[in-house]
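One structure below.
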Amino acid sequence: MEDKNKQLDNLLNEAEDLRKNIGNRLHDDLTEGIYVDAAKIVGDSVYTKDKKRAFRMDRAIDNIVTSRIWGFPIMLLLLGIVLWITIIGANYPSRMLSTLLIDIVYPFLKGVGESLHFPVWLSGILIDGVYLATAWVVAVMLPPMAIFFPLFTLLEDFGYLPRVAFNLDNLFRKAGAHGKQALTMSMGFGCNAAGVVATRIIDSPRERLIAIITNNFSLCNGRWPTQILIATIFIGAVVPEGLSHIVATGSVIGIAVLGIGFTFLVSWFLSKTMLKGEASFFVLELPPYRPPRIWQTIYTSIIDRTLVVLGRAVMFAAPAGAVIWLISNIDIEGQSIAVWAINAFDPFALFIGLNGVILLAYIVAIPANEIVIPTILMLTVLSINSITGGSGAGVLFDGNEPEVANILHAGGWTLLTGINLMLFSLLHNPCSTTIYTIYKETGSVKWTTVATVLPIIMGFIVCFLVTQLWHLFA
Amino acid sequence: MNEICNTCKYNTASGLKKLGEKVTDYDYVVALAGNPNTGKSTVFNTLTGLRQHTGNWPGKTVATAMGSFSYLDKTFKLVDLPGTYSLLSTSEDEEIARDFILFGKPDVTIVVADAGRLERNLNLALQILEITDKAVLCLNLMDEAARHGVEVDDRTLARDLGIPVVPTTARSNKGMDNLLQTIYDLAENKIVTQPHRIKNVLGETATAIEKLSNKLTDLYPGLPNSRWIAMRLLEGDTSIITALKEGRLG
């Protein structure tokens, strides 16, 4: 054994000597050797009929979608079409679902609770809390997701994402970041946790950290419905009926583009300060366009993405519903905890153009962005009730858009609140799953904290500035 | 395929049972390697019945996914490795793939290649054949290659590479029965391979590799990939040096 170890040491020493001798030539010699072999093998077994024709279609499409002039407009147009179909299409099923779950099932469950002589707290937690929050998540989230995800997946299957990366590469390099960040950013539009994991395709640790920290600026699927709903209610409502869908779509695109803008800005900032360095070189392969298999894509994206995300939302919504009911119904000195919290947050929140309900909702909804809107609605109804002396904190409302609008207007919301909520939904801490993923990927408390706190601070600043400008001009 | 096909004795794929994520008891480990965006995850899904997210962009799979299936009387654990163009660099995805094939010692390695872009894909395949000799080339995306006017003579290719070559179109489930049978035969040692070794390495580098490789085989008789380890030693790969010292190789 001893002898063998000695022999191994000798061998390793010899290898080291040879290595110094050969040095950098090794890589070139090897690669060259492999290429010569590969070329020879291919020459003997591959026959190409007409070299000119091959991949002609692909190149023709690429010349358009990655061209200097048309690249960006086409990107925005495609995003616009996807969002527009989502906004138009989600409306009707959303209304049906909320009628079913909230107008029909909810009173039925209440009735069952009564006939079983549930104590008030039990039916409160279970039906007013857990059930209602869950029902809200399903009614608000399911239709937009069931439309948005398949459309997005079709684009992905077709091979469009690498073209987006190609278009954005130059901008990323100017920001001192890695061009592949365009891909992880696109993944973030689905789910930030997935986007953070996807940064493993970036080799340089510096550029990878930048990609991780800025991934949160990609609107994730938990936030698209919030954007779409608020845009429809507040921004779509200030223009004539015929234009409302287009304007709402435009404003959601605006927020998404703003997020991309923040990605560049923060990447640039980080690469000039905390993460100094030059952008590294990389090769990106533009894969062939493949005709998407439409039915299979729709099926798998509904099973894989929509139901998984919805399941996660429901899992977090159920306990959050219980928490909302509890903080709304446990009184301290004649006022519920929620009202105390809302009142405590209000001065600061109103100062930056939001309100206490929104901040409290974002705290309750740290586990999942998906439940922000339901939480806001339940808390708003609750605080209206406590002001008007409505009967208890039993929460009952219809789920369609005008009704949601009425609730929010009654809660003192204005167009400014709506805009600020959209901005804050873009700029706030990542959800707890993403935070945990960032910690797992970076293994660093410091960078996890930066990735968590930085967006909140930016959110506060941006909302504050918008509010000041609004008051200045309005 | 419908029920009748699944039980028909002329259907060689009828022995396939997709076992999803159940990976506890298995007879053989099978690794899926290949260039990015050649359809590894599609092959993975077809064999295991799982629904790993597939997408048309390179680098989609960044972690290894596992699943299992059984074919005839044997159960296989299938590991979907990240797609790479090479195994020579130090990026994380290449290290994951390299370490798994080298240290995980899979019983069979499926190298998925894009039939329409074979030359570039062989770059990786030739490197894998330096590490393991139990490999099969899955010549995927045959439909696309045909559409682009590319024809591949898979028999000549198999002879030159010294391993089985199976043309497939995993997206529409074509050729998967042959692939299954080949995996089975390789695992059961019913197919003997004579993998191609990289021949055209230049001058001093070639001599150095030969020299080290011979010493390695003296020290560890039966080491299947001494040339590859020699290359890594010349690269100064510390994980290989550690592995040799800890006796995990050879």
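Just so it is clear, glycine is given a Cβ too, placed from its N, Cα and C backbone atoms.
Positions annotated as domain 'Nucleoside transporter/FeoB GTPase Gate' by TrEMBL: A:140-230 (among others).
Residues or ranges marked as domain 'Ferrous iron transport protein B C-terminal' by TrEMBL: A:252-301.
Annotated domain 'Nucleoside transporter/FeoB GTPase Gate' per TrEMBL: A:312-444 (among others), in sequence order.
Annotation source TrEMBL lists transmembrane segment at A:69-90 (among others). Proximity of distant same-chain residues to the transmembrane segment (A:69-90), defined by a Cβ-Cβ separation under 8 Å and at least 6 residues beyond the stretch ends, is recorded for 143-144, 147-148, 151-152, 155, 160, 163-164, 167, 224, 228, 231-232, 245-246, 248-250, 252-253, 256-257.
What TrEMBL lists as transmembrane segment is A:125-152 (among others). Within the chain carrying the transmembrane segment (A:125-152), a Cβ under 8 angstroms from the stretch's Cβ atoms is held by residues 82-83, 85-87, 89-91, 93-94, 97-98, 101-102, 105-106, 109-110, 113, 118, 189-190, 221, 224-225, 228-229, 297-298, 301-302, 305-306, 309-310, 313-314, 317-326, 370-371, 373-375, 377-378, 393-395, 399, all 6 or more beyond its ends.
What TrEMBL lists as transmembrane segment is A:182-202 (among others). Beyond its flanks by at least six residues, the transmembrane segment (A:182-202) meets 149, 152, 161-162, 164-169, 172, 208, 211-212, 214-222, 256, 260, 263, 305, 309, 430-431, 433-434, 437-438, 441 of its own chain at Cβ-Cβ distances under 8 Å.
Beyond its flanks by at least six residues, the transmembrane segment (A:222-240) meets 83, 86-87, 90, 140-141, 144-145, 148, 191, 247-249, 251-252, 255-256, 309, 313, 368-370, 372-373, 401, 404-405, 408, 413, 415, 417-419, 421-422, 425-426, 431 of its own chain at Cβ-Cβ distances under 8 Å. Marked as transmembrane segment by TrEMBL: A:222-240 (among others).
The transmembrane segment annotation in TrEMBL covers A:246-270 (among others).
The feature transmembrane segment is assigned by TrEMBL to A:307-328 (among others). With a cut-off of 8 Å between Cβ atoms, the residues of this chain six or more beyond the transmembrane segment (A:307-328) that come close are 124-125, 128-134, 136-138, 141-142, 145, 149, 191, 221-222, 336-339, 341, 364-365, 367-368, 370-371, 374-375, 378-379, 382, 393, 433.
The feature transmembrane segment is assigned by TrEMBL to A:348-368 (among others). Listed by sequence, the residues of this chain that lie at least six past the ends of the transmembrane segment (A:348-368) yet keep a Cβ under 8 A from its Cβ atoms are 222, 312-313, 316-317, 320, 323-324, 338, 341-342, 375-376, 379-380, 383, 411-413, 416-417, 420-421, 424, 428-429, 431-433, 460, 463-464, 466-467, 470.
Taken from TrEMBL, the feature transmembrane segment applies to A:375-395 (among others).
Sequence annotations record features per position, and here TrEMBL assigns transmembrane segment to A:407-427 (among others).
Panel annotation: around the transmembrane segment (A:447-470), residues 209, 212-213, 216-217, 262, 266, 274, 351-354, 416, 419-420, 423-424, 426-430, 435, 438-439 of the same chain, lying at least six beyond its termini, place a Cβ under 8 Å from a Cβ of the stretch. The feature transmembrane segment is assigned by TrEMBL to A:447-470 (among others).
Along the domain 'Nucleoside transporter/FeoB GTPase Gate' (A:312-444), the predicted structure has mean pLDDT 81. Applying DSSP to the domain 'Nucleoside transporter/FeoB GTPase Gate' (A:312-444) sorts its residues as follows: 95 helix, 4 strand, 34 coil. Within the domain 'Ferrous iron transport protein B C-terminal' (A:252-301), the DSSP-based counts of helix, strand and coil residues read 29 helix, 0 strand, 21 coil.
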